[in-house]
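Participant: Under the heading ATP binding site, TrEMBL lists GLY101, GLN102, THR103, GLY104, SER105, GLY106, LYS107, SER108. Annotated coiled coil per TrEMBL: 411-456, in sequence order. For 1052-1064, the entry in TrEMBL reads compositional bias 'Acidic residues'. Summarising the annotation, TrEMBL assigns domain 'Kinesin motor' to 4-374. Annotation comment: TrEMBL describes 682-723, 1024-1064 as region 'Disordered'.
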Amino acid sequence: MSGSVKVCIRLRPFNRRLERESLTSGVYNIIDSPSPNAVRVKNPDSGKWTPNEKGYAFDYFFWSFDKSRPFADQQTVFDAVGRDMLDQALKNFSYTIFAYGQTGSGKSWSMTGNDEYPGVIPLVCREIFNIVANPPEDKAGYKMSVKVKYLEIYNEKVKDLLSDDDKPIEVKLQYRDPSNPKSGTKVVVEPLTICDVHNYDEIKSKLDEGLTNRTVGATKCNLESSRSHSVFTIIFTQVRPPTPEEQQLIESGRLTKEALLEACTMPSFLNLVDLAGSERQKATGAKGARLKEGCAINKSLSTLGRVISTLADHAMGKNLKMRVPYRESELTKILSDSLGGTAMTSMIAAISPANINFDETMSTLRYANNVKKIKNKPVRNISPEQQKISDLQDEVRLLREKLAQVGGLSDEELAAKREREKKEKEAMEAKYKEMIEEQKKQFEEELKKQRELASQTTVVRKKEEKEPYLTNLSKDDMFNMKVRNKLLEGEVKFGSNPDFDADEFCVHLQGVSVLPHHCSFVHRIADEAEAEALYKEHFEESDSNRIAELEEEGSIEGAAPPELSIRVPLSTHIVELVPKEGCESALYVNGASVTKNVILRLYDRIIIAGTYHTFVDPFARKLHMQRFEDAGVEFQPPEVDYYVAEREFARHNMKESKLSVAAAKEMEETKKRLEEMEQEVANRKKQEEELQKEREKLQKMSTEKAEKMKKELEKKEKEMAKRNEELQQQLEKEREAAGKRAKEISLLEEDLGRALPQVNEANMIASCVGKEFEIRPEIRTEYSAGGKDKRSDVVLVAHDSETGRDVQWDQDTFSQRLAMMRELYMTWQKDGSLPESIPKDDDPFYDPVEPQLIGRAQVILSFVSSMLPYRGQTPIITSNADTAGGLQVELIPFNAKATKGKVPTYTFDDMESLDVMTDDELDAYQEWLEPGTRVDVCIRIKSVVDLPEMTCKDVFCRYYPTSDFDYVETAHAVGQGRRAVLNHERIFTVPSISEELSQSFQETGGALLVEVWGSPVSKDAQVEKKVEVKGNPGEGKGTGTGKFDLEKSNNGEEEEEEDGCAAM
């Protein structure tokens, strides 16, 4: 029997990061399915379909991007591959399902999922126990059992995920029959914990235990990236009843009962493999330990790729002498049975829809296309004893045939023999039925015991759930609400101190911001009257205010009534959070810092030293559900997850921030503008109705004057209708822009919420390890070319007090650095000091000296469209809206043909006046404004003044002539000083000064965007005498193509800088 590996492709939806970038950075879907089970990818550079119009063909293509076409949910994926695995397991075959794809493509989601949307692994676990409880008809009388083992391969080392012991584990390939090298190989992984499981709850518990122990880490592509390969193995064993022939062999003494039991035992090994994501260092931003992990991941995946490529060649009759490199990686050793071996195999290749992941997506598809060429040779799992019995039965059959050939018996003797054999067979069948009944009785007794045990376990669990507890909130659904800390009656202490008294309830926390005794949760039992009084004292007023706000805003369709959803009752189990001195910056409830005792309520969000939790009181939840039931309303629990807590924390900590003040002002202005436009629409509608009434009156009149008035009214109505339509369209655009901006501000809150606790942790680590290093979050606003559009995001500014430098990190870089800081802190905590020398790649506090963006200046271009020259000083605005100096610039429009390539010179007597031309000059320019006339613009960036002391070294500028142009860069002013002379000049040609020029200015928002860059200055150098630094005139670089044609300046010598400019 042979078969190809079944290959399935699954397209994931945009994650939070890509969804935001689709709104702000032009990220879009490039995946399409031209026919069932085919997939093609659009090259974002060429716009062509890859590999061709028809695409790749696979066994399955699961569309999970959106619901624009049939949506493949978790159950769809399981029905395609999981059910086939179980069908083959019943036939005594081993089966492997493995998931492959880039980091963040959705492999772990497909394999594991969460409690609400379980993946392939939990669905296989659930279905296998359905089979055990209700076996197929052809398996009647079979005894079935399930065992599991769980391992991960991290940095090329195998780890047992179901054991706390760090014992070394070895992966070996052994011959199935040591005496026969041609018998094939089998994988042996030992020592490894193997656990018996009797129901779905038990196997799910083992799965969750392994997931909790699995190694994850943050990368740019995925905040909870799997940093190891994991293999979850289900050993599904069937024990069949013995056949009459086998029973006969036992009676003859040729077979022992132990050997018979082994022969009747049919195990199937079901391997569910979640591979770590393939990744590029540039895409993931991995450094230090993350980079080493990435190297190990890519090494094992590279070896797997070579194995697949070699097997694909063998299947096509190529390179048959080439050895398959199974032994070069622990991963490929374990998968040797699954790829080209004796097991059946399915692959789920997960891909991202984003255009920015084109290269990774194509790599995955090519990988999958190779895998589908592999031919396995599945064989049933047969034990040596079963083979021995089979050989004996063949021997008996052969002897009988020879005996029949010899003959020599009379008819009477032959009839007697047949009668004797018939009686023996009947006796054997009776004995066989008796054995089946005995086995069935034993099985039912065992099943009864297991059910009683499960019932007792359920009772204990229900009893425990009457106690309040804290459960974790995680970014990743796989790990969300998996850890519970029971809050038993009395005091439960949380902290890092390992010396709590043995008789105390305590939870040990790790982390730089955790105090020895951080806080306590005091649980006591009250009566109903006291619980009601506490509710009125602590929550009545705030709940009433919130209900009034919601009722004023209006009810949302499908939402629970505010009176029910907001008034969450207190149970008689009162839990009070008691903070300890010094924990204010690392203890929050519902986003607010805790400075005094707080009584907790159902679903409260609690942040302890950067870890997120929610408070659950099962008895209060029951009361809450009962109130919904009494009101005849379906119970709707509030949305509580990691991101809700994160946004809530951000809102509390943004009230005094520049973003909050500016956003509130901006949204208020937008609201006012929308109200004015709505009022104008209403007024015009009213006017339209009045005109309609007037026309109806005139309809009754037939005089010549009336006819004239009718025509005038009809004309007015048409004009008003046109204006109303334009106004309505403008109103819709404003509403859309306001909604988009509100969503962007909400995303900024989310980013800031994630950053703030991490910033506190990073600063504390820096202080502990003796680094004069401080990190602060800021809002950075980036403008498009011309400054028309803007986009804001949260950046982290790292200030090194030792050097005086400020370096900007984006959020992904900061996440990487924080992971490195934590590793460094653990080293410091263990050894009491830092290593004498830390490699630069592993030092989270090291940044190479690179130019930094000081700020941006916007030079208004409206006067240039009137062909007027300009000289002025434009303020340089930083990302947090501060002024960081001024840019001195000249813009001179002229006709190079008329001036023979020379730039006209002007005397700028009045810097504030734009109208500096004589009447004759103005008339001359007016002649050039005729359509189709060539116009040239000379851009001169003279100097940058009043620069910040921190970044006034090697200053240069970049500017964008139009939105289609990339940028032009000036020469660098070598040296340092608060005033940098650049003397940059460049001439650009505009093909026509007619409507095209005005439209171009309109597209760029009527402004020339100039970025000012500079290198950091060391702290010692800042106190030296400031000197003026100069750049070489006319030098720099330009890239890109656009409406402007770049030409060399014909102005051979640089004009001496005038005093008027220097004084600006």
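Each Cβ is built from the backbone N, Cα and C atoms, and glycine gets one as well.
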Participant: Averaged over the domain 'Kinesin motor' (4-374), what pLDDT does the prediction give?
Facilitator: 79
Participant: Among the binding-site residues listed here, THR103, SER105, whose Cβ has the fewest other Cβ atoms inside 10 Å?
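Facilitator: Selected from the binding-site residues THR103, SER105 on minimum Cβ neighbours within 10 Å: THR103.
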Participant: Quick one: among the binding-site residues GLN102, SER108, which has the most Cβ atoms sitting within 10 Å of its own Cβ?
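Facilitator: Sorting the candidates by Cβ neighbours within 10 Å, the top entry is SER108.
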Participant: Out of GLY101, GLY104, GLY106, LYS107, which of the binding-site residues has the smallest number of neighbouring Cβ atoms within 10 Å?
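Facilitator: Fewest other Cβ atoms within 10 Å, among the binding-site residues GLY101, GLY104, GLY106, LYS107, is found for GLY106.
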